[in-house]
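One structure below.
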Amino acid sequence: LTTCETSKSENHEEEEADRSKRIRSEEEKEVVVYHPVKLSRNDLYRPPTAEELNQLKEAESLFHCSLLKMQMEELLKEVVLSEHRKQQIDSFIQTVTKLIQTVPKTPKVEVNDMSWLSGAVKVPFLLLPKTTKGKFCMAPPASVDLIGSYALGTCIKPHIRVDMAVTLPAEVLQPKDFLNQRYPRKRALYLAGLAQHLQSSSEVVTLRFSCLHGNRLRPILLLTPSGKDSSSFTVGVHACLPPGYFKPSRFHPKRNNIRTEWYTGLKTSNPGKSSEPPTPHYNNSILGDLLPRSHLQFLSAVSSKCSAFADGVALLKVWLHQRQLDQGAGCFNGFLASMLLAYLLISHRISSTMTAYQLLRNSLNFIASTDLTVSGISLAKNPDPTAPSLADFHDAFQVVFVDPSGHLNMCADVTACTYKQLQHEASVSMHFWDDPSVDGFHCLLMTPKPMIRTSDHVFQLCDLVKLQSSCKKQNLLCELMDHSGDYIHTALPFILSLLQRGLGQRIHLLAHSLTPSPVWSVESEAPKYKTQPPLSFGLLLNPEISAAVLERGPPADSSKVPEFRQLWGPRSELRRFQDGAITEAVLWEGKSMYQKRLVPKQIITHLLQLHADIPESSVRFVGALVDDVVPSTGEEESLVVVQSYDDLSRKLWKLEGLPLSITAVQGAHPALRYTQVFPPEPLVLDHSFFDRDKISRSLVPKDVKPCPQYITPITVICHMEGSGKWPHDRLAIRHIRAAFHISLAELLKKDHNYTCRPCPTHLDVWKNGLAFRIQVAYHREPQVLRERVTAEGLLVVRDNEEAQALEMATIHKPLLTSMLHGLQQQHPCFGAVCRLAKRWLAAQLFSDEITEDAADLLVASLFLQPAPFTAPGSPQVGFLRFLHLLSSFDWRNNPLVVNLNNQLTAADYTEIKNDFMASRDSLPVMFLATPKDKKLSLWTRRAPSIQMLQRVMMVAAESLKVLECQLMDGSQMQDVRVVMRPPLEAYDVLIHLNPNQVPLLGQAVDPPAVTFNRGVVPNGAPQSGGPLPVIDYNPVTLYLMELREAFGDLALFFCDPYGGTVISVLWKPKTFVSAPFKTSQITARTVEVMGEEVKTIPNFGAILEDFRVLGKGLVKSVEAKTEKWAF
């Protein structure tokens, strides 16, 4: 035993020595010493070559900057397969080919007899009808060839799929196999036989079935290698026909290859061929299996003439993938992208010398400008006489793109809506491509565009089996035969056409999800159609008319009346309008703006119920689920505030008797730009709730009552004209402003009977149940605050906090309010998006880090620079993009430019970027640039900090993920408010507040079932005059201010300002560090003597007690999570 152990230890020591030698030798190899290259004078000043000149010229003329060129080159390096990966794939392909070629023969049996298959493998085909004619046997394939993108050299990462064509041997086929699904069933049987044969191989770890782009007539066998390469690539085995086995003319779009009698099982009265309906989609599916090798030969020949062909296809594939257009049934896949580039090359629309960048640009330009739903294109130069014409293809298919043979429509499964979506995306891409203010590369190729974040409204058809009754109601039996029983894709074009007619001008675009190709185990039955995920539809709204409640139809005597009535059914009524016209019309429900935004939902559910027998319960509308988080009447409440402000502004302008005239009246409150989360509501006060103060004649809350309703002061800045009478002393200016407040109060009381309370800093006016806070401003006061006379008599101008705060309140905020009010007029849902965004920030306890003004600017950027999207057309999609912006923007290396009123030029963008990079370390972490603030980022100068911004980004990313999953997956728990509930586990102390002392309790994310009377008469009619209530009184805000003032150096305090009943406390890291004893720094600390050293440590018991004492009457309890504290 000892000898054994000794020998083992010696062997171990030898292995360790060998390993250390190997590592040392590798390190020696890796050490490379670089020496400067010595060039001769001729080499140093050698003129550039033609290729170098061409690259320099290209970078100058084609790209905004050389960075874009380098970005595209780096992207291509990332997506192209490495040589190592190609070797792995080639090795596996050789192994699989050998295995397939050794498949054993089986005796001939009837197609319907599947007893030769072991029970472990099922046939990847839905046998509807159950039986068909024909004989079948297994035999080695005639040939096994590589096809598709890998063989062409255009295969890209991350989803690597290698396609192999296995040619069915002649003995498997019969001359009439094109009829009644005979060939597709033999194809499926052959793949099942291959799967059974490959199951015994150790080289293939998993075998699964799928189907080509969702087409159930074309199943494929997916192979995954064993070992560490199991997830790196997949091999798709396609069973194909021998070239030329069937005449292509048999698959003319107008010919029938599925007999009605066979499909229905019923005897027909007229069995002649001429009475049979055409089966273009079925014909196209079989024809596709005749041509894969000729397509590869054609593309190889074309790509050999263009050196950048593979790179151009790779870029186009990435572009399609980011827009979710390259996968699923009816997609615009990589094969079509390659064929499109080939078409542009052979039609001389692009040159073979172009770069990949130019190929992508020209492809998108062609897609944007060419409507293949109206005028199809063909790759066939000299098609044979039996080939269908483009008109024949257009009669049978919605989108037409004919292959080089002239017989196959490669876009047969693409719906008109999908192609319109493709055109729209190409058009949007071309629009922002040349915009120097947009990061073109990132928007074009790096930003994913899921439907829920792209479309303004999204709805889903959940119970797909209902589409069977849709096919029956619309008498779509012929189309159902053509699609071999696939009732989903049979009914889909009809539903799209119906919705397009009904929604009309209300939408710019109607898109639908592309059903993903199902993947299932070889041991399972082929999944039924009803097991597919719900069909999702996206609407891109026309904001001008999408919310209109009236659908006006043709005049009563028009010939179009029957068509209008047929479309709308009983909802259509004959109405007389104020202009005297008598027309058909449909009136939808909608009083508030929130309800009007849901008019498209009413239209969709009505049309689907009426024409497609799809009940409302099967339609899941997710276009406005998040909107409920904020009040649904926010726009109407904001409008009341704006109208009241406009009236006050006019009355201020008309005041007479002031020493100086008013030069400007400006609103400086979020409610005046429609972005206040909870806009102020006109109130009627219950005087029995209050005591009357004898001196000020104001209403004072009684001690025994709950905290009264919070009354928001709406800030109004009133600029007075400049004059030599204004003093040049800061204290004197304040006295003059106070005098103006008194004069304004007297005049408003005298002329309009408004109740006013003048103060040194402002004037409170009670008007129609709303409180306006007027601040008189003098335009030179900030400058006066910056000036100081030294002891030597010198005038020194120095910026300070007081001047900045005054400038912000009287100049910047009113200007921002005015600009954002204009943006709300252009985009009706801007205010609603701001309200959702700010409600999320407040709920997640970030409202002190990202202020209201900064949040409004962040949302404004989504509308002013929406690329790669269009401007949001609904609050929900705007909110999702806000979360995406927060979580994904590179705040460290880029300024966020908000081009209000489109005032910034390309030169301004360059200047902002250069100044930002030059001074990055001294600038705020979140930098927002506007036309009036290019260098300082006034709105984020004090917050957020780096740590808090990282926290905001992390929570935004998680909220976006949870919300999008919940919206698109109806099987998940439907509670969108979950993203508004902050994780309180991360905090050290929780201060719980008494709900009756929280005035905004009703605005909480989860408002309590029991509410408190807060001195307001519900549904009362507000009036001006009467006693003035206490304005801007919120105990929670005041308590937070005291906490931060007393303990701001030890902890951070967070609270939801909208009804939050918990204040979360987070100790700062330095709090736990013991410090040398100093009498000046003994606050909230206790003395600790360690030998001769005297130190102070935080006295947490006293601090927590102080929290209670400071909040007496407001604080309910203090919960200390001491297990999280690290001393």
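Here the Cβ of each residue, glycine as well, is placed from N, Cα and C on the backbone.
TrEMBL annotations:
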- 162-304: domain 'Nrap protein' (DOMAIN)
- 308-447: domain 'Nrap protein' (DOMAIN)
- 453-612: domain 'Nrap protein' (DOMAIN)
- 631-825: domain 'Nrap protein' (DOMAIN)
- 827-982: domain 'Nrap protein' (DOMAIN)
- 984-1118: domain 'Nrap protein' (DOMAIN)
- 1-25: region 'Disordered' (REGION)
Is it possible to list how many residues within the domain 'Nrap protein' (308-447) are helical, extended or coil according to DSSP?
73 helix, 5 strand, 62 coil
Can you tell me which recorded stretch out of 162-304, 308-447, 631-825, 827-982, 984-1118 has the most Cβ pairs within less than 8 Å of the domain 'Nrap protein' (453-612)?
162-304
Helix, strand and coil totals (DSSP H, G, I; E, B; other) for the domain 'Nrap protein' (162-304):
59 helix, 28 strand, 56 coil
Arithmetic mean of per-residue pLDDT over the domain 'Nrap protein' (984-1118):
86
Kindly report the helix/strand/coil residue split of the domain 'Nrap protein' (984-1118) according to DSSP, in that order.
40 helix, 36 strand, 59 coil
